[in-house]
Amino acid sequence: MKNSVRNPLLGLTHQLSRAEEWLGSLPVFRRIAGGDETQAAVAIAQGIVASIMVTLGSWGVGWLATAQNSLFARTTFLNPLRVEPVGVILCACLMALGSLILVRAWLRLGQRSGVDHQYSVPVIRRAILWWSVPLSLSFPIFSRDVYSYFAQGRLLHAGLNPYENWVSQLPGWFAEGSDGLWAESASPYGPIFLLFAQFVFWISAGIPEIGVILFRLFALAGVALCVWAIPPLAALLKSSPGWALWISVANPLFLLIMIPGVHNDSFMMGAILLAFLYGLRRRRWASVVWAIIAIGIKPIVLIGLPFLGLLFAGQGASWKNRFTEWALLALAVGLGLAAVGGATGLWFGWIPGMASSGSAAFPFAPIGLLGQGIGWVFSLFGGDQAVVAGVFYTLCRVLAVLFILYLALFRTDLHPMLGFALGLSAVVLLAPIIQPWYLLWIVPLFATYRVYRGLLEELFFLLSAILVLVGVVDQLSVAQWIDLTLVRIITSVLGLLYLAYLLFVDPKTKQLFPFNRASWTQARVSATELRS
């Protein structure tokens, strides 16, 4: 009976284990295969190879500007990779496979380094460093927001207010690489970042590739801030420093979105994490400065101020002390942002800009799709779909604000870091737009508060792997004469095959996913025996 229900993949898994051991015995493969289970260097080496694959693939399908002042627009040496269908398909497959191999390297790093051990933090930091180096040489992938940053810097450089004027007002904006989806939207960024974007446009003389390099340095600085802040913050909150750093920053979803994707979210998160770190250390002015910087990058982290005030007030503080701390914090942050606003001439234009952002629905956002659906139902009876959806989105925003107020006013039994994590989660989940990197805002907050094992951790592994593959397939820059659908199908099939290998076949990684746990496997076997 047991043989009749045996998993047919077990034999393949056993053969793969033997093949890995044999490869590990060969000198040429010793650093990237096999080895003792405590040798984290093997996983780091595998991640380096994967990062190189991603970078090489990005040269064929990464986002490039086509403006006349673009350096690459005037060259032909990339034509075999970007113009020929075979080259494009090979690059897309290389990037997809490399991204998922990086996921495997990350999972194996967690197994090999013992992320709960006190000595794992230097190992995780070393992995982040080595994986980041090749990724820093890639063309923009996973998103082309970096070109929107560049365009908004151009707006400010031209004397236009990015909160009142649109990227589409600039001559040649599309050729400079900006996404048309956001071309007629107010800037969602804070005045500090817009000031930096203006500096980038000025110092780059309007050359997009130089702008990408400078924005990537900014993103790398943000990654460094996260690496700096997370371990001591986790230690102070009695979480696991190594685990928190591994699950948050070494995660390929984070590295691929922040470094090749060139996102300012890394700096925003690093700054707000440092604000809470210095708050826990009772260094209030340092905490306030980092909070101002974080809000000045992306105002969404304004949500953290009520909880930072609770941190200053201390556990069990009276209503008077809490409101005093909130008032002083609001005054200090307000004065800091007013100084920046006065220097840029933008003042507090980010407040209406933040309130009006997110008017479109996005496929990853349940609230966005639900609003469109409700609007469509009302349109059947003569209503305006856009107006109804807008009202629904406003109600969801109000609900998120009420939840944050409830946490700040009445759930003082929660640690402020956990309150911030829950409040930001509510804002993300109730938004009409959810981008994959919004998840990366939340993970460090929860991870520094406590360690999550079991089903939650396993589902997060699965979600990270899926979002990495979706990010690759969804964001491919392909010439108009090449069938994008065909490239996506080929890339998806290859990615799904390797993902299935990680989930069901790989002897090292399959045990990390929920449907391969012993209890679940035994339940399946028992059900099969009953049917037979």
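Each Cβ is built from the backbone N, Cα and C atoms, and glycine gets one as well.
Now, the feature entries from TrEMBL:
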TRANSMEM  40-65  transmembrane segment
TRANSMEM  85-107  transmembrane segment
TRANSMEM  128-150  transmembrane segment
TRANSMEM  189-207  transmembrane segment
TRANSMEM  214-237  transmembrane segment
TRANSMEM  243-276  transmembrane segment
TRANSMEM  326-348  transmembrane segment
TRANSMEM  360-381  transmembrane segment
TRANSMEM  387-410  transmembrane segment
TRANSMEM  417-439  transmembrane segment
TRANSMEM  459-479  transmembrane segment
TRANSMEM  486-504  transmembrane segment
Surrounding residues of the transmembrane segment (417-439) on its own chain - C-beta under 8 Å, 6+ positions past either end: 142-143, 237, 253, 257-258, 261, 263, 265, 276, 300-301, 303-304, 306-308, 310-311, 358-362, 364-368, 371, 389, 393, 396-397, 399-400, 403-404, 407-408, 411, 445-446, 448-449, 463, 467, 470-471
Contact ranking winner - 85-107, 128-150, 189-207, 243-276, 486-504 against the transmembrane segment (326-348), Cβ under 8 Å: 189-207
Criterion met for the transmembrane segment (486-504) and the transmembrane segment (85-107) (at least three Cβ pairs under 8 Å): yes
Outside the transmembrane segment (128-150), six or more residues from its ends: residues with CB under 8 Å to it: 44, 47-48, 50-52, 54-55, 58-59, 61-65, 95, 102, 105, 167, 176-179, 182, 189, 193, 197, 200-201, 208, 211-212, 215-216, 220, 223, 227, 245, 249-250, 255-257, 259-264, 435-437, 471-472, 475, 477
